[in-house]
């Protein structure tokens with residue numbers, strides 16, 4: 001991309017050439033743009049931890065060891081709890097911690113309510129953030145989710161209706177935060193740093209999952225389950241002012257950014273970011289095969305991730321009579337590995353771009369590596385029923401390697417339509433979130449219909465769906481700016 005200099009007109013389309021100049025033009029890891037990425041990382045850490053703490057505390061919240069979720073009751077996309085075995089629920093629970101008579105069906109309603117709320121706001125949040133800014137949208141989501149988490153113990157005392165409504169509202173807040181955050185990279189991420197900046201930001205979701213699993217059970221046992229909500233909700237409220245003070249929607253508005261870095265970012269995005277709000281070309285989007293391939297691949301990959309996180313631990317428990325969720329560390333290990341893989345994969349993708357790899361090639365390589373090994377390991381899982389160590393290793397690798405998709409299909413909207421990427425990234429994630437509802441329902445049906453080969457059918461179906469989505473993306477996926485995403489006003493100049 002061009003530099004802000006008298007020779008800016010030369011090689012204005014040569015993105016690769018400018019990348020070689022970028023290290024001396026703007027600071028790297030200590031730069032303002034990486035500070036923004038860290039703040040989004042922190043926000044993702046908080047909202048994901050708040051998302052799953054209900055899964056962790058549920059064992060302590062119910063008053064009967066017979067209340068365990070059935071296969072298709074919960075549509076939550078993460079492990080149900082850190083204890084797993086009801087017999088290992090806290091025995092020295094503080095006297096002030098209430099318990100409830102919730103059967104598996106009620107628990108399923110509570111778990112799934114947050115997903116329905118997220119589906120409602122994921123796509124609109126991207127569009128809204130593109131209009132009013134990520135700072136406001138994600139800030140409101142962080143504060144709203146934190147307050148609702150603080151209110152959750154009281155809502156549980158008021159009854160199931162209040163608790164379900166609270167969970168739906170929390171899901172809407174999470175959808176705003178998750179879908180609205182990507183608009184910030186339209187103006188903060190130079191083309192050859194998108195993978196790593198988005199990777200740093202999104203990896204907070206995985207770290208939040210890991211820490212919540214590790215600490216949630218300990219807090220619940222020592223202080224009582226309400227304090228899990230108070231601590232994580234309070235932490236979110238404390239971080240909200242930090243977010244509002246340090247995050248800005250674009251480099252021009254940032255008061256402390258280095259001039260060299262600001263010029264570098266603005267010049268690198270000069271050909272992609274419009275100074276005026278562009279209307280959404282809805283008809284062209286609907287007819288765009290590259291866009292559909294991105295949405296379908298995100299859906300198929302999320303189907304795989306949901307099956308891994310929900311059913312693979314249950315499979316290990318049913319086959320080996322060992323619930324890996326009894327160990328907080330073992331439960332968190334797949335997400336810790338996924339966090340590391342997400343960061344390393346994002347840096348690797350940008351490194352390949354500096355070695356003159358085509359952008360579309362890098363995106364498809366990352367997508368293949370994040371889909372094919374994970375689905376293959378899951379497919380093999382029923383055939384290693386005689387070896388517990390191999391089975392748990394395959395489960396861990398399936399979850400960990402799946403995050404290699406992050407620098408692939410999940411950031412592709414920034415490539416094909418940078419001016420509309422906030423809306424498209426929110427929309428593609430809303431489409432993918434449907435798998436959080438469908439995958440548990442279909443998998444639960446397969447398990448109930450065929451007890452002998454049910455697991456094999458679930459994992460085989462996941463492999464087929466994942467492979468078909470991957471093939472569709474490999475055929476129709478693109479990484480160049482689409483005609484319908486280009487600034488139309490240029491034709492009148």
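Including glycine, each Cβ sits where the backbone N, Cα and C put it.
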Which stretch, out of 197-219, 266-288, is listed as transmembrane segment by TrEMBL? 197-219
Would the transmembrane segment (137-156) and the transmembrane segment (197-219) count as touching if the test is at least 3 Cβ pairs under 8 Å, pairs 6 or more apart? no
Would you say the transmembrane segment (291-312) and the transmembrane segment (390-411) are touching, if the rule is that at least three C-beta pairs must lie under 8 angstroms and be 6 or more residues apart? yes
Please report, as numbers and ranges, the same-chain residues at least 6 past the borders of the transmembrane segment (34-53) whose CB is under 8 Å from any CB of it. 28, 76, 78-79, 114, 138, 141-142, 145-146, 149, 170, 173-174, 177-178, 181, 184, 188, 197, 200-209, 211-213, 216, 228-229, 232-233, 235-236, 239, 242-243, 246-248
Result, the transmembrane segment (458-476) in contact with the transmembrane segment (291-312) (3+ CB pairs under 8 Å): yes
For the transmembrane segment (225-246), distant same-chain residues with Cβ under 8 A (at least six beyond the ends): 35, 39, 42-43, 46-47, 49-50, 53, 56-57, 60-61, 93, 97, 135, 138-139, 142-143, 145-150, 152-153, 212, 216, 219
